[in-house]
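**Q** Structure provided below as structure tokens; questions to follow.
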């Protein structure tokens, strides 16, 4: 999530981040599989989702998007067959379904500090005998779409895929806005960005990955997200059965705490490469693919009937339109995002107008390679370097 405040604690003149301890012994690695959760018949406000993605990284929200979000002009209900994919995590003895988010560095959860009316349907974290409250510790997040959450911080035992982190910072929500209450299946978030991005005050805390990576065979994790199927997160090793060809690696700039990289160019529908570099963040916590205005405009010139709609707060097009693929060029590798993923779905129930999965990155200042991009890729997040690796999914 967005950096709300970066707090640095100096010890002997060096910036530090409070760390937890993994449980011995060293092991090669582990896999956590997402689980399908039946989708509730809930409405999705598409412009609000877009605004949330922009403000997550400190960007400004265009007025047309704000108006569309407030009017609910593009509100749709997922189809009955849709499913949601979350990952089970044992937090202090309670199994919770969390979003794994490479665009943030906080582990925050619904907790018993919230009113009972706000936790109905959720697994709730209640600090027990393994927990200790972090003295003076607090956290707070807020977004331009009005959503916010805040609370206290505990050190507790967290288990993911059989690997245990003792003394892991757990951010217990004591206040949460209505936007976060709509998804009854999701009990919180586990951040996988760099620990420098952690928002705990007065001292940032380490992420789960940074806590356990010394116990892994290799200090990396690999992400395989799927379209309409559960994905997986592999920690400590690379599963060669999950990709084809060679993995193309590129350097990461983590100066802002994100998995930021630069692609060499792009092409549309298999056409000629633009040759224009694209810098952006690999973010499993953002649904859309957010790109520079000129790239987005170029793409939708290839979609018949596409327009940047003030009414719907983004690019829309006839649902019957043929949507080309979008190819991101990384070294000698071509990462292809199929057109079927870019057609996000009808703007409202039963509408013949569809919302685009590629939208403008606006005032963010960099591009966001969200799930629309990631669901066709096998991606290695390697903390040594650091670097990112990309290959086509098997």
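Just so you know, glycine gets a Cβ as well, placed from its N, Cα and C.
Pasting the relevant annotations from Swiss-Prot:
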- 101: active site (ACT_SITE)
- 283: active site (ACT_SITE)
- 319-354: disulfide bond (DISULFID)
- 85-391: domain 'Peptidase A1' (DOMAIN)
- 1-20: signal peptide (SIGNAL)
**Q** Determine, using Cα-Cα distances only, which of these recorded positions is closest to residue 283 (active site): 101, 319, 354.
**A** 101
**Q** So which one is it: of the active-site residues 101, 283, which has the fewest other Cβ atoms within 10 Å?
**A** 101
**Q** For residue 354 (disulfide bond), list the number of other Cβ atoms lying within 10 Å of its Cβ atom.
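**A** Taking every protein chain into account, the count is 24.
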**Q** When DSSP is mapped onto helix/strand/coil, what comes out for residue 101 (active site)?
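**A** Its secondary structure by DSSP: strand.
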**Q** If you skip the near sequence neighbours and keep only those at least six away, which residues in the chain come within under 8 angstroms of residue 319 (disulfide bond), Cβ to Cβ?
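**A** Non-local contacts for residue 319 (disulfide bond): 343, 346, 351, 352, 353, 354.
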**Q** Between 0 and 100, where does the mean pLDDT of the domain 'Peptidase A1' (85-391) sit?
**A** 95
